[in-house]
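Undergrad: The structure follows.
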Amino acid sequence: MATKTFSLPFLLIVCIFSQLSSTFGDPSVKDLGQHAGYFSLPRSKSARLFHFFFQSRNNSSDPVVIWLSGGPGCSSSNQRYISYLKISNLIYVDQPIRTGFSYANDSTDLRHDEDSVSNDLYDFLQAFFKEHPNLAKDDFYITGESYAGHYIPALASRVHNGNEKKEGIVINLKVTDISLVTATATWSAG
């Protein structure tokens, strides 16, 4: 009696297609509002900050959370924790400039300190909330991990000062959080 064997490539294809069909059939995935893109920075010659935005799965009036990764120089785009989307609108920003998909063609646009990075992020937030005015009234939280612990307080201070001086759109800053461990351990994936 002959034995039937399957090749490894065949098994891989079967696994991939089984994952695709379950992903495409999941309404929580296909209904997920998201977009990505670049915002120009007014204090730069050619810098563009890349962002990835996901709408809350629950309610569009949920808080807005910006996630900043550590590094410095680690892309925020690789930290996609689905549990955040159950309770918030989530923004990932590749920062500082020349991190991830963010770029600049002029070396004078590179930032080397928290104040400059926080100015860029503040300008990014002004552009983001101008494009999404319905989110500007929602509570706003800054969170991240690792080296982002340097950027988070600087950005919170910058947002607070910008609000006090009425420099632009008022950002409804509430609380900041710096994870001492990775967010996988901090938030449940369920």
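Cβ coordinates come from backbone N, Cα and C, glycine included.
The signal peptide feature in Swiss-Prot is assigned to 1-25; the stated evidence is sequence analysis. Annotation comment: Swiss-Prot describes Asn58, Asn59, Asn105 as N-linked glycosylation site.
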Undergrad: Would you kindly give the Cα-Cα distance separating Asn105 (N-linked glycosylation site) and Asn58 (N-linked glycosylation site), rounded to the nearest Å?
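TA: Distance (Cα to Cα, whole Å): 39 Å.
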Undergrad: What same-chain residues, at least 6 away in sequence, bring their CB to under 8 Å of the CB of Asn105 (N-linked glycosylation site)?
TA: Lys45, Ser46
Undergrad: Count the other Cβ atoms sitting within 10 Å of the Cβ of Asn59 (N-linked glycosylation site), across every protein chain shown.
TA: 12
